[in-house]
Amino acid sequence: MNAPVGGIWLWLPLLLTWLSPEVSSSWWYMKATGGSSRVMCDNVPGLVSRQRQLCHRHPDVMRAIGLGVAEWTAECQHQFRQHRWNCNTLDRDHSLFGRVLLRSSRESAFVYAISSAGVVFAVTRACSQGELKSCSCDPKKKGTAKDSKGTFDWGGCSDNIDYGIKFARAFVDAKERKGKDARALMNVHNNRAGRKAVKRFLKQECKCHGVSGSCTLRTCWLAMADFRKTGDYLWRRYNGAIQVVMNQDGTGFTVANKRFKKPTKNDLVYFENSPDYCIRDRDAGSLGTAGRVCNLTSRGMDSCEVMCCGRGYDTSRVTRMTKCECKFHWCCAVRCQDCLEALDVHTCKAPKSADWAAPT
């Protein structure tokens, strides 16, 4: 039966346009682009004009961002190491992750958040290390202040996280056509959640001065925590991500399931359910789990039952060198021997009749 004019079939092309990004954030490809700043700025595909302007104007910041890509991708892979999709990257793809992030899924939400957080972390750290011309330590942390332990003096080098957040917002969000399509709004929201996550773990560190370290005087500064804390926090947000739909005027979100609360600025949001990532699917960007190592004794996501999607697994015996027969020698060393250890490794079987990828 034909739908009436103004019905769902009329809205479907517009909905698909809203949900389909042109490409993923191609600035991620800066990790693989070396050479001078001009070479880097002109050869990263897909940068919008504002991003290229910032790239040419702040080549030292771009180098910091490029180095930071390796750090946040490693963190992404750590968090997803026991899952079917393991945040694998494609070296020859300028989107870095391939087609998997074209879907507005939980995984896309996490990657946008962790990448935005990675820019904040990398830029802020470079500021504190004196590597950037446009910033240094936080200039606002001067003079005397108070906390629950009393009065202290600001000293040392407080991480200038406000600069890191400001630059990350200007550079990363520049690609998103804010207010024009659903995916751009989703990306902007998750980018902001990532930036806020880094600041959440900014901590005050102090050094005591006085007789025998009596803390008669204290000098304090603000420092970012290890990036793993941000990764762990965003992982929890990934597991609690909220599915949303566009509101009627196309300017914001509403929850897809009315039983759930409205997302806060700290929550990750997504539109589409994830594929199961069990088999290789070029359209979905999934490499499948054939050849992936699984844990025979686990009951979690890395178990052979879950990881292999019920297809079964192959077992092979391998040997590895380990330290053994360790003894303590006075004083003060532990000396060990090198021993060969045999262990069983379990890997997921391939689908019986499917084109499957090499181990991921």
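All residue numbers here begin at 1 and follow the chain in the order shown.
From the backbone N, Cα and C atoms, a Cβ is placed for every residue, glycine too.
What Swiss-Prot records for 1-25 is signal peptide, and it gives sequence analysis as the kind of evidence.
Look at Swiss-Prot and you will find Cys76-Cys87 (among others) tagged as disulfide bond. Using a 10 Å radius centred on the Cβ of Cys76 (disulfide bond) and all shown protein chains, the other Cβ atoms total 25.
On its own chain, Cys127 (disulfide bond) has Cys135, Ser136, Cys137, Asp159, Asn160, Tyr163, Gly164 as residues at least 6 apart in sequence with a Cβ closer than 8 Å to its own Cβ. Taken from Swiss-Prot, the feature disulfide bond covers Cys127-Cys135 (among others), and the record attributes it to similarity to another entry.
Counted within 10 Å of its Cβ, the other Cβ atoms near Cys137 (disulfide bond) come to 20, all protein chains included. According to Swiss-Prot, the feature disulfide bond maps to Cys137-Cys157 (among others).
If you take the C-beta of Cys206 (disulfide bond) and look for same-chain residues 6 or more apart in sequence within under 8 angstroms, you find Phe152, Arg218, Thr219, Cys220, Trp221. Cys206 (disulfide bond) falls within a strand segment according to DSSP. Sequence annotations record features per position, and here Swiss-Prot assigns disulfide bond to Cys206-Cys220 (among others).
Taken from Swiss-Prot, the feature disulfide bond applies to Cys208-Cys215 (among others).
A sphere of 10 angstroms centred on the C-beta of Ser212 (O-palmitoleoyl serine) encloses 6 other C-beta atoms. What Swiss-Prot lists as O-palmitoleoyl serine is Ser212.
For Cys278-Cys309 (among others), the entry in Swiss-Prot reads disulfide bond. Contacts of Cys278 (disulfide bond) defined by a Cβ separation under 8 A and a same-chain sequence distance of 6+ are given as Arg84, Ser286, Gly288, Thr289, Cys309, Arg311, in order along the sequence.
All protein chains shown were included, and the count of other CB atoms within 10 Å of the CB of Cys304 (disulfide bond) stands at 22. According to Swiss-Prot, the feature disulfide bond maps to Cys294-Cys304 (among others).
If you look up Swiss-Prot, you'll see Asn295 marked as N-linked glycosylation site, on the strength of sequence analysis. Counting only same-chain residues at least 6 apart in sequence, those with a Cβ under 8 Å from the Cβ of Asn295 (N-linked glycosylation site) are Gln82, Asp302, Ser303, Cys304, Met307, His346. DSSP classifies Asn295 (N-linked glycosylation site) as strand under the three-state reduction.
The secondary structure of Cys308 (disulfide bond), as reduced to three states from DSSP, is coil rather than helix or strand. Taking the Cβ of Cys308 (disulfide bond) as reference, residues of its chain lying under 8 Å away and at least six apart in sequence are, in sequence order, Thr289, Arg292, Cys294, Cys348, Lys349. For Cys308-Cys348 (among others), the entry in Swiss-Prot reads disulfide bond.
Cβ contacts within 10 Å of Cys339 (disulfide bond), excluding its own Cβ and spanning all protein chains shown: 11. The annotation disulfide bond is assigned in Swiss-Prot to Cys324-Cys339 (among others).
Mapped onto three states, the DSSP output places Cys326 (disulfide bond) in strand. Annotation source Swiss-Prot lists disulfide bond at Cys326-Cys336 (among others), citing similarity to another entry.
Annotation comment: Swiss-Prot describes Cys331-Cys332 (among others) as disulfide bond. Of all Cβ atoms in the shown protein chains, 6 besides its own fall within 10 Å of the Cβ of Cys332 (disulfide bond).
Cβ environment of Cys336 (disulfide bond): Lys323, Cys324, Glu325, Cys326, Lys327 lie under 8 Å away, each six or more residues apart in the same chain. Under a cutoff of 8 A between CB atoms, and with a sequence separation of 6+ in the same chain, the neighbours of Cys208 (disulfide bond) are Ser214, Cys215, Thr216, Leu217, Arg218. Counting Cβ atoms from all protein chains shown, Cys294 (disulfide bond) has 20 others lying within 10 Å of its own Cβ. Here the Cα atom of Cys76 (disulfide bond) is found 33 Å from that of Cys339 (disulfide bond).
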